[in-house]
Every structure is written in structure tokens, then in C-alpha cells.
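What Swiss-Prot annotates here:
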ACT_SITE  LYS10  active site
BINDING   PRO99, MET100, GLY101, GLY102, GLY103, LEU104, GLY105, GLY106, GLY107, SER108, SER109  ATP binding site
ACT_SITE  ASP141  active site
Amino acid sequence: MMTHWPSPAKLNLFLYITGQRADGYHTLQTLFQFLDYGDTLHIEPRRDGEIHLLTPVTGVENEDNLIVRAARLLMKVASESGRLPAGSGADISIEKRLPMGGGLGGGSSNAATVLVALNHLWQCGLSIDELTTLGLTLGADVPVFVRGHAAFAEGVGEILTPVNPPEKWYLVAHPGVSIPTPVIFKDPQLPRNTPKRSIDTLLKCEFSNDCEVIARKRFREVDAALSWLLEYAPSRLTGTGACVFAEFDTESCARQVLEQAPEWLNAFVAKGVNLSPLHRELL
């Protein structure tokens, strides 16, 4: 029985904000790709119906943690539909590698891994579509991790079209700050009217991120990290930050630059992959 479950990072290879809805949510067009790097969840089934998170996150109550919320949500929905075996529970711990507030999707990925893993371990039998619907109630980025394939996303991020962008090597750098998403989306100078384009058109254009100008303006650490990376390769912000990344055609090129990273920059090299490491384990 599989007990170690990948919870990979994602990059937004581009991100354009096309509008803002009446409810305040922003509409966007973005390209998600996974990394062969991320957190690992250790999940051991229990038979007493209890959910225990054995590795609490500092400053976050266990019941507010997306890991616990995802487990309880699956338990509730599967139980209500008669698909939860009696006594289903779990002990969950996490090896955390992805920073909070980094734009790598760590929390969303954790939630998706819990949904997929417990659906498998508990033998609930929910479909990917059902798990995706549950995931969306936990966060806009959760569905892409549930589905497990690189995707072009529209709407608020929930309308997904599978795509296969080139699987490049990336140097990903965390500049030592955490950026809450609302800080970027509430900034009055954030571009909110980028014209919508087809995926075919977008893939032919130079990639960029509408959030980057705000992140660089408000966080000098992000600006410094991007300024350094841009000396070596095409680089940009992922999500709303704070992580930034540079793309390379080979691992050796990426690692050569990594060796020159300044001490204040926490960085790693990873491969972009179109099939999530989580789903690769299930094949």
C-alpha cells in the first residue's frame, strides 16, 4: 500500500488578468505546469474515523489547514453518498519543502494530494470530476493538481484545458519574503484588462505575468531576485509571488547558474513536467 504521496509545485508559465467580476474575483488566463519537486505527504489509514495531522504548521490551526479541510470534505461527501467505508480515517504528516506565500501552489497541491490519496486509500470511488469539484471549493488552484496535467486555465482558474508545453529546466528562487495573494490583487495599479487571447496565440507570444510589476514595486527582494536571474536567462514571477524562476534548455545550464546564486536567495533546480508526479505514481 502506497503511504508516501507526492505534492508537487506548479509554475505559472504566464499569467494575464483579463477582468474583475462583480464578486471581486479576478478573471485570468494562465498556463500551469508542474515541477518534479515539492512536498511529500505521508498518509496512514486509520480505522476509527479520526483525522490526525501529525505535523502542524506554525500559526495555522489544524482544523484550518487545507490538508485537514480536504480530508474532512472528502469524508463528508463520500459518507453522504454512501461511499465511505465504516471507520475510514487517517494519520497525515508532511515533509514541507515548498514555501508558504511563494506562488508555487503548495497549499493547493497538499489539498489535492489528500483528496486523490484518500479517495484511493479509502476506496471511495469518486471520479476525477467529482474530486475536481470538491477541490474548487477549497481553492481556485486545487483543480489543476487534482486533474494532474499541465493546463491552460481561464475563468478564475477553474476552466482547464490540457496542454503540453515544452518540459524545460527551471531555476526557482525564493527571495525570503511571503506575499499574501490579496496584497497583489487589491493593488489599484494591477493590470486588470489584458485582452483575452486564444491558447494558440498565447503560446506563440513571449510569456509574462501581469502580477510581476506589482510584486517588484512592493517587494524589493522580488525585484532584486528577478534582476539577478535576468542576467542569465528569461525569468519571471510565478503566480502572485514571491518565487521567481528562470528557464533553461538543460539541467547543467540551470545548475551552473544555481552555483552562482547569492547567499540571500534560497534556490533550487527542477524539471518542468506535464504529468503530475502524484499521478505518475498512480499509473
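Glycine is no exception: its Cβ is also placed from the backbone N, Cα and C atoms.
Under the DSSP three-state reduction, LYS10 (active site) is assigned to strand. Compute the center of the Cβ atoms of PRO99, MET100, GLY101, GLY102, GLY103, LEU104, GLY105, GLY106, GLY107, SER108, SER109, which mark the site for ATP; besides them, the chain residues with Cβ within 8 Å of that center are ALA9, LEU98, GLY239. Separating the Cα atoms of GLY103 (ATP binding site) and LYS10 (active site) is a whole-number distance of 8 Å. Taking a C-beta cut-off of under 8 Å and a sequence gap of six or more, ASP141 (active site) has these contacts in its own chain: LYS10, GLY105, SER108, GLY157. Under the DSSP three-state reduction, SER109 (ATP binding site) is assigned to helix. A simple Cβ count within 10 Å picks out one of the binding-site residues PRO99, GLY101, GLY103, GLY105, GLY107 as the most packed, and that one is GLY103. Within the same chain, residues at least 6 positions away in sequence whose Cβ sits under 8 Å from that of SER109 (ATP binding site) are SER7, PRO8, ALA9, LYS10, GLY38, ASP39, LEU98, PHE145.
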